[in-house]
Amino acid sequence: LPLNPWDVILCISGTIISCENAIVVVVIFYTPAFRAPMFLLIGSLATADLLAGLGLILHFAFVYFIPSEAVSLVTVGLLVTSFTASVSSLLTITIDRYLSLYNALTYYSERTVTRTYIMLILTWGASICYGLLPVVGWNCLKEPSTCSIVKPLTKNHLIILSVSFFMVFAVMLQLYVQICKIVCRHAHQIAVQRHFLASSHYVTTRKGIATLAVILGTFASCWLPFAIYCLLGDSSSPALYTYVTLLPATYNSMINPVIYAFRNQEIQKVLWTVCCGCFSSTMPFRSRSPSDV
């Protein structure tokens, strides 16, 4: 096949995504202190994005070097599984942040650990089921008229994925609205108790809301164009539109490590220790609450 520049860009994106998230996975896996629910969920997100990056690389390699329908189904199934797990992991992180604020007194308990494992099982179970659908026969290889903008996925399959995304986005939006309300209330209570000035309360609240807005805005701007196009486009739509909307969606997996992992002070300390031994003994390790935004 003639080399498509868009496929090259997606492959490069997959390489960057894989490298970034591999660092996060290794740090969390080999650091015993990172066994708190918050880090387990970040590890789940990094694992999903790592698989997404590898899927983009494998898709490029198999399309241009080992063309095969069976291999194409496997790589597309891997991409569906990984991207679904990535979006679902973002939802679980949002739920965890909300519960850490709403049930602050009981958050650090065995119940939280159990709930985290249940969310992880549900997340990866549903993602694997979605990814297996094209492999077990729900594809358009025998009926090209049923193809979607992402071959060999069927139009109905992609509609289900898009509707699921909009449901996840709606839940995340509602939870972040509730988180903003709790953050504003807590900031006001702290300001009253410590006799802070109104300006201090305003700055603290604005900082928290701005951070939440960046998180949700990044997620929406990356995924909404592709999700909307999945509902509107079909197999006769120009491939250019698919690439233009899919590429920003891959950027979400590139940005996730920066937002959810590299901003975390504990992970930063471990990375500095590994890279140049700059860990300071005067900075004690403290696993922060996921609500610290």
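Using N, Cα and C of the backbone, Cβ positions are placed for all residues, glycine too.
Since the structure is predicted, the reported quantities are computational estimates derived from the model, not experimental observations.
Per TrEMBL, the features are:
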{"type": "DOMAIN", "residues": "20-260", "note": "domain 'G-protein coupled receptors family 1 profile'"}
{"type": "TRANSMEM", "residues": "6-31", "note": "transmembrane segment"}
{"type": "TRANSMEM", "residues": "38-66", "note": "transmembrane segment"}
{"type": "TRANSMEM", "residues": "72-95", "note": "transmembrane segment"}
{"type": "TRANSMEM", "residues": "116-138", "note": "transmembrane segment"}
{"type": "TRANSMEM", "residues": "158-177", "note": "transmembrane segment"}
{"type": "TRANSMEM", "residues": "209-228", "note": "transmembrane segment"}
{"type": "TRANSMEM", "residues": "240-262", "note": "transmembrane segment"}
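Nonlocal intrachain contacts for the transmembrane segment (38-66), taken as residues 6+ away from its ends with a CB within less than 8 angstroms of a stretch CB, comprise 1, 3, 7-8, 10-11, 13-22, 24-25, 28-29, 72, 75-76, 78-79, 81-83, 85-86, 88-90, 92-93, 96, 100, 116-117, 119-120, 123-124, 127, 250, 253-254, 256-257, 260-261, 264, 287-290.
If you average pLDDT over the domain 'G-protein coupled receptors family 1 profile' (20-260) in this model, you get 86. Only residues 6 or more beyond the boundaries of the transmembrane segment (116-138), in the same chain, are considered here, and those with a CB under 8 A from a CB of the stretch are 37, 40-41, 44, 48, 73-74, 76-82, 84-85, 88-89, 91-92, 95-96, 152-154, 157, 160-161, 164. Of the Cβ pairs linking the transmembrane segment (158-177) with the transmembrane segment (6-31) and spaced 6 or more residues apart, fewer than 3 are under 8 Å, so the two regions do not touch. By the Cβ criterion (distance under 8 Å, sequence gap of 6 or more), the transmembrane segment (209-228) is counted as touching the transmembrane segment (240-262), at least 3 such pairs being found.
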